[in-house]
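Asker: Just dropping this structure here.
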Protein chains: 2
Amino acid sequence: MTQTATGEAARDRVERAALELFTSRGFDAVTADEVADAAGISRRTFFRYYPAKADAVWGDFAAHVERLDRLLHSADGGRPVLATVCAAYAEVNDYRDDDLPALRQRMRLILTEPALQAHSQLRYAEIDRVVAEHVARSTADDPAGLLPRLVAASTRAAATTAFAAWLADERTALGDQLRRTFDELAAGFPSLRG
Amino acid sequence: MTQTATGEAARDRVERAALELFTSRGFDAVTADEVADAAGISRRTFFRYYPAKADAVWGDFAAHVERLDRLLHSADGGRPVLATVCAAYAEVNDYRDDDLPALRQRMRLILTEPALQAHSQLRYAEIDRVVAEHVARSTADDPAGLLPRLVAASTRAAATTAFAAWLADERTALGDQLRRTFDELAAGFPSLRG
DNA sequence: CTTGCTCCTGGCACTGGGTGCCACTAGCCT
DNA sequence: AGGCTAGTGGCACCCAGTGCCAGGAGCAAG
């Protein structure tokens with residue numbers, strides 16, 4: 001219990017330090033040693049917490065994916081699949097206002113730093129798997145089939161695009177941006193025809 | 001001239017060796033030294049040819065992107081944007097039959113090896129930029145705006161999905177697979193409603 | 001032929017990410 | 001107290017990638 005508590009606290013310190021250092025000096029210019037030092041742990045322990053330097057930016061991403069999975073499992077089967085996926089994305093990313101600055105910082109890093117951009121693909125693959133499985137359940141299809149894969153990949157593309165737009169424009173809420181972007185996708189890009 | 005020729009030949013040897021070694025033993029289990037040795041060049045020269053080990057799999061990708069860019073620039077402006085992008089993707093990936101085995105090998109590596117999957121994001125970003133610029137030209141929009149980004153990201157998602165489906169199913173041609181996948185995307189996933 | 005220039009190459013050494021191994025400590029159970 | 005377990009840190013190692021420098025091939029002018 002105490003160990004878990006200190007472990008959690010240490011992880012929190014690491015993630016704060018990582019966000020701070022990477023933002024101010026750039027991901028590549030900061031060594032894992034520096035992050036570990038700033039968090040008061042050893043380099044070795046850092047790499048036990050996070051399998052890669054980049055993972056310190058993502059926090060507990062497995063829990064994130066698990067939440068998304070649960071939401072999709074418990075979703076109303078009568079609703080259109082895209083609407084369900086959009087709502088799940090929106091709910092998973094519905095942060096408290098106090099957490100928004102950290103979220104912005106994290107997403108800005110992930111979307112701009114090449115090394116993190118590359119690493120993100122590995123995280124996104126976990127999301128895609130969960131979404132593809134949901135589509136497969138809804139359509140009695142193979143999760144590895146064309147449609148589940150396509151829906152997973154393109155909704156994820158929509159979500160990251162929405163994130164980028166949200167970062168660029170401080171005014172609109174993330175949830176609204178997600179819904180707007182999904183609408184565009186689901187309707188086959190109506191503004192291209194207008 | 002002779003230098004360029006040997007340089008080209010050496011690059012060719014490297015790419016063959018890389019494909020062969022990575023396929024048989026896995027990307028991570030093969031060191032850059034081994035690839036360099038197999039191609040008859042030094043490790044140092046290997047990293048002058050390719051900035052990263054993963055780049056040996058991609059060949060001359062810049063030329064690929066440039067071809068795509070030219071195709072999009074010279075496309076018929078009256079045609080729907082998605083159709084133009086689809087046709088450009090199909091034409092850029094219209095390989096001779098002799099080259100298909102190598103293409104399959106390459107794509108299988110890129111889509112299955114985690115390290116290559118991650119690295120691919122950096123290459124895809126170049127494609128996305130070109131496509132987003134095309135959409136922006138067609139709609140008199142900002143390339144960094146929502147619609148160009150969304151179209152670029154989701155068409156790229158469609159293209160990679162089509163590639164994966166093509167890998168899984170030997171029977172259908174790559175171009176047909178691309179067109180089928182783009183149709184699904186452009187129509188807002190009609191098979192989800194059926 | 002020789003000198004000088006340029007480009008390509010390879011060797012060397014170094015940084016930094018990531019990992020296996022081991023020794024140490026802290027709690028905890030009996 | 002003795003033994004078990006889990007977390008930690010130090011150490012050594014491998015490998016990707018880079019800067020630097022020393023050759024060597026080709027070419028031009030003398």
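Even glycines carry a Cβ here, placed using N, Cα and C.
Caution: TrEMBL annotation is automatic and unverified by curators.
Below are the features I grabbed from TrEMBL:
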- B:31-50: DNA-binding region (DNA_BIND)
- B:8-68: domain 'HTH tetR-type' (DOMAIN)
Asker: Go through the chain and flag residues at least 6 beyond the ends of the DNA-binding region (B:31-50) whose CB is under 8 A from any CB in it; none is fine as an answer.
Answerer: 10-11, 13-14, 16-18, 20-21, 56
Asker: List the helix, strand and coil residue totals of the domain 'HTH tetR-type' (B:8-68) as derived from DSSP.
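Answerer: Residue counts for the domain 'HTH tetR-type' (B:8-68) by secondary structure: 45 helix, 0 strand, 16 coil.
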